[in-house]
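Each remark here refers to the structure printed beneath this line.
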């Protein structure tokens, strides 16, 4: 079979057009999903701040912390996704400014879900001690513990980076993801160990709270059954978040199975791992809790403004 220069150029043009359309479509999809989810989450934060009843409830304090954490994580992830398509590589020093908060917020999510599951367990299984154990002050202490645990997992990577890499590395350009910046063997081993530790603790917490609540729910009211379903949603959310820990192996497996769809595979994994878990959070409390849903729908649909400024009839003198 003979290939002419014209046919070769035409094939290259078609491939370039396909790549361009895939890039534009992926970026537009990601941005639209990000704006939509962040708008919903921002409305939830606004609802929380407008009503004192939610500010005094440990459950909603933990929930709003998760929502704000998700907004930060989602914004950074989408920014990095766009940078990857636009600039391909960026300076290591600039990449660190994005990577560090992204890692912090990614680590925070399963820990926050574990504490929310524990709060459900206390409310259902030991309700008489709930007001003593779950106070507003202790809830904010728990949030501080979440960030401290994430810090202990991430900050050592910075010291390892400064100790093992030359200063020229900070001015070099790389693909901006964690393993390309914190590429030391020590960092990789520490990362795997911290991931395993976090996941074991989180899953043990979810399993213990779920089965204890399940036992109580057999002979209890609808609130216990609702708490059981909440734990299941937490488990589903953690399962989606776990993909980030097995992402390299998952990408390699899917690439081997579908070698022609590498770009689509990376895009699909990004949607499932980074965006879909952030969509679950509004469902868990924002739509399932009757009190919160009542106010949330008003602000989401802007009906509060309509009720404050009703239609008036203008009388024209004759």
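Keep in mind that glycine also has a Cβ here, set from the backbone N, Cα and C atoms.
Annotation source TrEMBL lists transmembrane segment at 20-40, 60-83, 89-106, 139-163, 196-217, 229-247, 267-287. Taken from TrEMBL, the feature domain 'G-protein coupled receptors family 1 profile' covers 40-285.
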Range from 20-40, 60-83, 196-217, 267-287 with most C-beta pairs under 8 A to the transmembrane segment (89-106): 60-83
Contacting positions for the transmembrane segment (60-83) when only residues 6+ beyond its ends and CB under 8 Å are counted: 26-27, 30-31, 34, 37-38, 41-42, 44-45, 48, 54, 90, 98-99, 101-102, 105-106, 108-109, 112-113, 115-116, 119, 136, 139-140, 142-143, 146, 176-177, 270, 274-275, 277-278, 281-282, 284-285, 292
Spatial neighbours of the transmembrane segment (267-287) far in sequence, C-beta under 8 Å, 6+ residues away: 22, 26, 29-30, 33-34, 37, 40-41, 44, 59-60, 63, 66-67, 70-71, 73-74, 77-78, 81, 109, 230, 233-234, 236-237, 240-241, 243-244, 247, 250-251, 254, 293, 296
